[in-house]
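What Swiss-Prot says about this one:
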- CYS593: active site, for beta-ketoacyl synthase activity (ACT_SITE)
- HIS729: active site, for beta-ketoacyl synthase activity (ACT_SITE)
- HIS774: active site, for beta-ketoacyl synthase activity (ACT_SITE)
- 1687-1699: compositional bias 'Pro residues' (COMPBIAS)
- 420-834: domain 'Ketosynthase family 3 (KS3)' (DOMAIN)
- 1330-1646: domain 'PKS/mFAS DH' (DOMAIN)
- 1714-1791: domain 'Carrier' (DOMAIN)
- SER1751: O-(pantetheine 4'-phosphoryl)serine (MOD_RES)
- 1-21: region 'Disordered' (REGION)
- 44-284: region 'N-terminal acylcarrier protein transacylase domain (SAT)' (REGION)
- 937-1256: region 'Malonyl-CoA:ACP transacylase (MAT) domain' (REGION)
- 1326-1651: region 'Product template (PT) domain' (REGION)
- 1330-1470: region 'N-terminal hotdog fold' (REGION)
- 1658-1715: region 'Disordered' (REGION)
Amino acid sequence: MDWTTETPNTEPSLVTATPSTTESLVDPAKMKVGYFGNEFPHDDLHDLSRRLYNWSKDRQHTLLATFINEATAAVRQEVRLLPATLRTLIPPFETIFSLVSHADLRHGPLGGCIDGMLLCAVQLATFIGYYEDSTEDTFHWHNADACLAGLGTGLLSTVAVSVSPTLADMPVTGAEVVRMAFRLGILVHEVSRILQAPTSDGGPGDSWAYVVPDAVADDVQSELDAFHDAKKTPESSKVFISALSRTSVTISGPPTRLKDLFLVSDYFRDRRFVPLPVYGGLCHASHVYTKEHVDSIVNTESSSLVSLDSRLAPRVPIFATSNGKPYSAKTVSGLFRNIVEELLTQRIEWDNVIEGVIQHAKCTAVSEALVLTFRTSLPARDLVEALNSESLPFKGRTQDLVPWVTKPQAEPRGPRGAQQAKIAIVGMSCRLPGGADDTGKFWEILNQGLDVHKKVPADRFDVETHCDPSGERLNTSLTPYGCFIDEPGLFDAPFFNMSPREAVQTDPMQRLAIVTAYEALERAGYVANRTASTKLHRIGTFYGQASDDYREVNTAQEIGTYFITGGCRAFGPGRINYFFKFSGPSYSIDTACSSGLATIHVACNSLWNGDTDMAVAGGMNVLTNSDAFAGLSKGHFLSKTPNACKTWDCEADGYCRADGVATVIMKRLEDAEADNDNILGVILAAGTNHSANAVSITHPHAGHQADLTREILSKAAIDPLDVSYVEMHGTGTQAGDAQEIQSVVDVFAPLSSTKRRATKQPLYIGAVKANVGHGEAVAGSTALLKVLLMLQKKTIPPHVGIKNAINPGFPKDLDKRNLHIAYHRGNTSIVLEEGPVRSIQDSDKDTRPMHVVAVSAKSKVSLKGNLQRLIHYLEANPDVSLTHLGYTTTARRHHHNHRIAVSTSAVPHLVRQLNSHLQSADTHKPIPSTGAPPVVFVFTGQGAAHRSMNLELFRDSPCFRSQMLYLDSLCQSQGFPSIIPAVDGSYPQDHTHPPTVTQLALVCIELALVAYWESLGVRPEVVVGHSLGEYAALHVAGVLSAADTIYLVGQRARMLERKCQIGSHKMLAVRAALDEVQSKANGKPFEVACLNGPKDTVLSGTVSEMEALAEELEQSGLKCYHLDVAFAFHSAQTDPILQELEETAQTGVLFQPPRLPIISPLLAKVIFDEKTVNAKYICRATRETVNFVAAVEKALAMSTVDETMVWIEIGPHPVCVGFVRSIMSTVNMTVPSFRRGENNWQTLSQSLAAVHAAGVEVDWNEFHRPFEHGLRLLDIPTYAWNNKTYWHQYNGDWALTKGNNFYDSKKKSAAAGSPLAAAPVSSLRTSLVHRVIEESFSGTAGKVIVQSDMMQADFLAAAWGHQMNGAGVVTSSIHADIAWTLGKYLLDSLKPNSRKSVVDMEISNLVVREGLVAQKNRSVPQLIQVSISTADVDSGVAYLEWHNVTNDGVSLADQEPIVTAQIRYGTAGDYLSSWVPALHLVQGRIEALSQLADDGIANRLSNSMAYLLFADRLVDYADRYRGMQSVVLHGLEAFADVKTKPDDEGGVWTVPPFFIDSVCHLAGFVMNVSDAIDTKNNFCVTPGWGSLRMARPLVAGGRYRSYVKMIPTAEDPTVYLGDVYVLEGDEIIGVMQGMKFRRYPRVLLNRFFTPADIKNPASGSMSCAKGARSSAQSTKSPANVAESVPTPAPAPVPAPEPVPVQRNKQDTAAPPVAASDSTAAKALDLVAAEAAIELSDLQDDVSFASLGVDSLMSLVIAEKLRQQLGITVSGSLFLEYPTVRDLRVWLDEYYS
C-alpha cells in the first residue's frame, strides 16, 4: 500500500553524506531530521531485502535479526486473525521479507497492504542495521534538536524512533509499527473495495490518486463540487483533494470516478496529470473514515500496546503532514492514533511540514540540519532546499542510510548463531561405478564424458536367466543394464574389528559406507577430540538407503548370527557411530531417490540446530536383487537401451540403475575455518518438499520444485540470477526432465521485463546420471560430489546424456533465457558456493628447519601400502611443502599400532627414508597392544649448555615462552635477576652470566620444558634429576612448588657467590670407572662428585689438584675434560654454604609428598614417601656424591623402571640419557629435548618422531599450534586397505520361482485340518506364565504353548532375587514352578475329573542348556516360550521345552530348546513310601554332622553368615529366598534348618520358586562355599537334575530340614552329583535326585553371566560358530546357574569349515614363521599350557578340535588371551581359525 502524493523522482539527490564520513551527531550545533517517505528506495527491492536478511545472520546485527523475527511474528499473528477470504490470499512465509518475492501477492488485491507493511519493515531494518553497523554514528535521537517527518505509511515508521529511548528498544517498537501498517492496509482494502469492486482478474487495478501540476487548490475544489453536483455523486464516492504543494494538487477517489472526471470535466480534460502508483485504496478521506475505523486499527487494550504504554512514551517530535505541527500525544498508543487518523482523514500539505522543521531548527539554534533519508526523493529534496535558504542561519544536507546495506562485508565476523551458519564440506570419499574408487577417478569419468553402463555382473545375479526383454517370463527384468561398482565385496574386516563371518553377513553397502566414512574423515584431517567440533559426543552420522538387496536375497539364503545387524538399514550409520565411538545421532533415511540429498539436508539441520558440530553424511546403494530390476521395469521406470541415463534426450525412456556409496564430512563454516580444514564447498541453504499436486506419486511437479528452489534461495539470501550452474536430477524420463527444466527456467532464467539474465550471466545445467546412472539413494550424494569436484577443478564437465536430440518437451526459448553454484535435486535442493580463499602471510610461515612425517597402519600389508602410496605421491609432487606434509601426517591423521615416523628437512631424504622402511616393513614390530610405554623424565645438571642460549622454542612456542616469562617473574619477585637474557639470544654464546642467572636459567628451562612436553600429552611416570637438575625433578614430582624451587636454587647460587670463590675449584669428567681412576691417580687428591655411568666419573677439587690429576690420568690413556661450571659442586668447596642452605630450606620451603616416584642419585634408591626429601636432603645433595649409576640400577632392580620405558632428557643438552644407555644397554629409547648447537625444533622433531614410533601418544595438534596459521591440510593418499572379498553369492533362480501360491495353499490346507485352528485361547495366567498362545486337546493327547515376559514385575523380581555377577538370573526353581503349572493345566484339561495336584507330579530330567539372564533395559520385553505336550496322558509322561522369543513375538522354536524337562504323573503316597527306607540314613548323617559341629570340626553358620558367604562366592539372594536359618557344613556334606518366607509381594505361584530354592539350594551352597572346592579360582553351577518330587506342599512359614552330600563323578572330576532330601519333622517330604554341578574357572563368570544387552562386543572379536543359536535373551553359558537344580554340559560344537575369504592377488605370500617372542608364539604357548599338551604338538596342520580344545576350553583360552596378551576375541576363535596355521597367520598379520 502506498499513499504517494507527488510525482516519482528520478533526479539524483542534491547533497549527500556517506555513513563512513558522518560527524558525531551528538554535537548540539547540529540537528538530526529523520525522514521516512512513502516510497521504497530506488534499489531493487528483492536485492535490498535479501541483503538485509543476510546481514541479520551476522553476529553484529542481533537487533536487526530480532526486529525481523518480531515483525514476522506480529504479521503472522495478524494473518491468523483475518477472515478466511483474505487469509488464503497470503502464502506461508519464513520472514516478512520472503513476501517480496511473491509478485502475485504484491500485485494482487492485498498488494497495497503488503507493500505498506514492507515499506515500514525495510525502513526500520535499514535504520536499525545502520546504527548497529556504524562505528562513528551512535543512536542519540532524544536530544532537543532531533525531529522526525514522514509521508504516507512512512509516517508510521517515525513512531518507532520517537518512542525508543535506546536502539535496543526498536525491534519491539518497530514490530508494532509493522503490525499497524498491516492493519491499516487491510482496513483501506476492505473500505475501498466497498467504494469500488476489485477487478475481475484479481490484478492491482487502476490508480486511486492523480497529481495535477500547476493547479490551484480553490479552482480544483470548485470544479470538483460542480462535477459532483452534476453527477449527483454519493458522498462516499466523491473525488477529493488529498494533498497540496506549492506546485501541484493531488486528487483521490475511486478509479472509475477519477477517469470519468478527466473525461467530462473541461477543467481537467486538457490538464496534464500523472496517475500515482496507489493501488491499495483510499486514504486522507475524512468523508469516508471515522473514529471507529481508527479504533479498529489502534486497539489500546491489546497486550502489545499496553506493554509499550507502560514503559515508553513519545520523545522525539513528529511533524503532522496536515499542519506541520508536532503531535501532542503523551503515550505510544496515543501517537499511533494521531498518525493513523492523520493518514485516514487528513490532507497532506508538505509545505507545512517544511515550515515546521525550519521553525524547530530556529528554536534550537543549530548551525546545520542533517536529513537522514532512504535514498533520494522529491519531498526530501524540497526539505533540504528549504533548509539551505540564504535567509536561514543554518545549512541542510542529506545523509543516505541505505549504502551500508549494499556495501561488501569488510571482514568476516561470523554468523549470529548456529542457525545462521553456512555449512562447510571438508571431506569426501566414494565408491562409484566405472572403477571410481576415489574422487579422482570419478572426476576422470566426468571430465572425459564417459558413460559407464554395463551388463549386470555375475556376482549380482545371472542376467541371462533373470532378464527377458520380451517381458513374457515372470519376475524378470526388461533390461540387462546398469552401472556397477567394481568388486563391492572388497573389505578390510580386521581393521573394522569384524570377523570374516560378520563381514560376509554384513551388507556390502554398509561396509563401503564405513570405508568411505573413514576415507572422508581422513581427507578431512579428522582426529577425535582435536578441537571443539570434533568431540565424539558432538558427531552424528546420516546416510540415505532405500533398499536391502543383500539382506533380502544374499544372506537370506542362509540366515546367520549377523543377518539383522548386518542387513537392517539402521545398523549402517549405527555401525559407523559404534566404530568411531561417535555418540551423536545416527540416522538411516529413506526418501526414495532423494534419500542421499535429503540426508544432507537432515545433517545440515542437525548442524544448524546445534545438535551436532560435525556430520558424516552420504548415501549408499549396492544392487543385488533382481526383484527391484523386475519391478522397476514393469513400472516403466527403466530404460531398455544400453546406456546410462539419457538425460534430456528426445528418446529418453527411463533411467539406468546404479550402485554407489558416497560420504561427505560437514561442519559449520566458522568451525571448519577455526579447525584449519580444507573447505571443498559451502552449503548456504537446504530444503525438502513433496510434489503433492503431481498427477501421480511418481510424477514430479514443476511448481513444487520451483517453490522449493525459491525458498532455499531466500534462506541463502541469493539472487537466482547470481547462480551460474544447476546440477539437476536428470533421470532421463520424458515427464521428469520436462517438469524439472520448467522449474529451473522459471526460477533461474525468467523472461520477465524486470528480471532476466544478462548476456554475461549464462546459466549452465548438468546431470551426473548421464555418466554413472541413477544411484537412487546415493544419487543426490553423487551429484553433490560432482559439484564439489567442479569447484575444485574450476571446470564444468561435458553433459553426455543427449544421445540424439534434445527433449522436445523443453521450453523453446532457452537461448533467450540466457547458477554462487546452485545444486538442485528433485524435491530436495541445496545451494552451494565455493569455500573461502585462504592465503598464508609471511608472518605466519613455518620457520622450523625439520619436520616429522608419520605413517601408520593396522597391519603390515597396509603399512607397506601406505608407504608405497606416500612415496608415489612424493615422486609425483616433488615440490610439496614438508611443512604441510608433516602437519597433515601427524596432527591430522589417526595413528595406528604399526608406526613409522621420519624427521626430515628435504623431500629426497624423506623418500629415501620411506623406501628404507618399506624394505624392512615385513619385520616391523607394532607398538604393544597393552598401551603406550611409560616415560621417565631425566633432568640435566650444570655444564652441558652454552653460557648464553638463543632458544628457538622461546621465540616460537607460546606455551614455552609463557612458562619462561612466568618463571622469570617469580625469579624477579624474589629479588633475583631476570633469566631471560640468558635464553633469548641477547648475548653471544660465550657470554658468561652470573652463577645465579645461569643456575636459575637452567632450572627454569627445565620446568618450562616439562610444561611443554605435558602440553604435547607426554607426562612422566618416574623422574630423576642429576645434581642441579634434581630441583626440577622434585618440582615435577610435586615435592616443591615452582616458587620454592626457584627460591632454593636462587638462594643457593647467591650463597655460592657470596661464600665461595669462582674459579678456585674445578670439576673433572673422566671416561673411566672409579676403580680405574683410583688405580691410575697415583695418590693424587680428588673428591668423587658424580658416578654417572659404569665408565663415567666426575671428580672435584682445587684447580691445581684437578689439572695435575688430569695430566696424570691422560698419560695413563684416560680421556678427561673440565666441566664449564663456576663452582665444584659435591666437593669441599660447597662446605661454607651447607649450614645456611639447610636453614633456608628448613624455614623458607614447604615440602609436599611426592606424586611420582623419584629416583634419588643421592640415596641410590627410589623415593615414594613424604619424609625423605627435606631440608637435610637438600643440603646433602649439594655436598655429597651424585651416584647416578647406583640410583638407576636400584630403580631397575625394584622394577620402578625397565627396558620398555622411554627416557626423555629435560635440559639444554643430552647428557644423562647417555648415562642411562650405558647402565641399561637394552633400554627401549632415550631422547633429548634440546641439543647444544642445534635448532630446538630439529631436536624436538627427531625426538618426537622417535617416541611417537615407540608408541607414546603425542598431541601433534599442540606441537603445530604456533604455526597453524601457516599450515595447510594436504590431500594426500588415503589408507591402503588390506582388502579381501567377503561376499555371499546369490545362487539359483529362486527369486524368479518364488512368485507362486504353492506355499500359500499348503499353509491354508494345513491350518484347516489342525486342531489348533479352532482351539480357544485360555485365560491361564500366573506370575511366571503370562499368555497361552496355542493349545489343542484331542482325546488323551494335548499340547499347550505359553509365552512369558521376563520384564514383567513378578517374573523380574523372581529373577533378580537370584543375582550372579550383578545380574538377575533365572534359577531352576523358576523353571520348576512353570513346569508344575503347565503339568497341572495339561492334566486338568485332558482329565477334568482328575484329583491330582502338583504333589503327585515329578519333574524329571531337567536339562538347562543356556542360562537366562535378565536384560538391563526394562523398557523392551524379554520373552520366552514354553510348550508342554503329551501323545497320551495315560502314559503318565508329558514333555516340556523352553525357547527364546524375539522381542516382536517370533518364536525360535525351530532351534534347539534352551531348557527341556519331563512331567511324570504319579501319586504323593507312593513317593512318601519310597523314601521311608532312606530316612534313618539321612537322619544319621544329620546327627553325625551336628556332633562334628559341636566338636568344632564342622562349621555351624548362621543365616546371615551363610548368605554372606554365598553372596561373596557366587549368588546374592533376595530376602525371600534366604530360607536357610542355619547351616552345618563339613567338606561336601551339609544340612540346613529352613523356614520358608511368606510372599509379601502378592505373586501368583503354583509352587513359589523361593520356597523351592530355600529347601534345595543347600547343594549350591556346598559347591560354592565349602573349603573342599577351590572357590577362589572356580565357581560351580548346575545344569539340571534327574528328578524333583515334593510329596507335601511347601507352605509359607513352614519349617523344614535339608540334607545333601555331593560327590565327584568318576567320568569327569569337574562334575559333581548329589541328592537333596527335604524333611518336615521326621518325614522325608521331598527329594531332588541326581542334582548335578559343574566346576568352571572363575575367569568365565563375567562371560557367562552378563546381560546380553550390555555386553561389549570385543574390538577384535570373531563371529559365533556356524549354525550357533543367536538370542538376545539367553547367555551362552553351560547351564542355568540356579544352585538348587542340576544339568549336563553341552557337547563341544564341531569346528566348521572356515568362511571362504578371497585375498587380493598380490597377497599370496606365505606368512613368516612366528618368532619365539612374537604374539603368535606367546598365544600358542598359552594354548599348549591350558590344553596340557607339548608345544611340539602344535604343528601347522593340526586342528584344535583334535587336541581336545572344546567350547569350554575355547572360552577359557579367549579370556586368558585378553588378560595376558591384550588380544580380545570371542569364544568362537577356534571355529573361525580351526587349525594352528590359521590362528598363527592371523595373529602374525594383525598382532605382530
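Cβ coordinates are placed from backbone N, Cα and C, and glycine is handled just like the others.
This prediction places the mean pLDDT of the domain 'Ketosynthase family 3 (KS3)' (420-834) at 87. Classification of HIS729 (active site, for beta-ketoacyl synthase activity) by DSSP places it in coil, neither helical nor stranded. Of all the active-site residues listed (CYS593, HIS729, HIS774), CYS593 has the fewest other CB atoms within 10 A of its CB.
Taken residue by residue, the region 'N-terminal hotdog fold' (1330-1470) breaks down under DSSP into 36 helix, 59 strand, 46 coil. For the pair formed by HIS729 (active site, for beta-ketoacyl synthase activity) and HIS774 (active site, for beta-ketoacyl synthase activity), distance between Cα atoms is given as 9 Å, rounded to the nearest Å. Across the structure, CYS593 (active site, for beta-ketoacyl synthase activity) and HIS774 (active site, for beta-ketoacyl synthase activity) place their CA atoms 8 angstrom apart. Look at the domain 'Carrier' (1714-1791): DSSP puts its residues at 50 helix, 2 strand, 26 coil.
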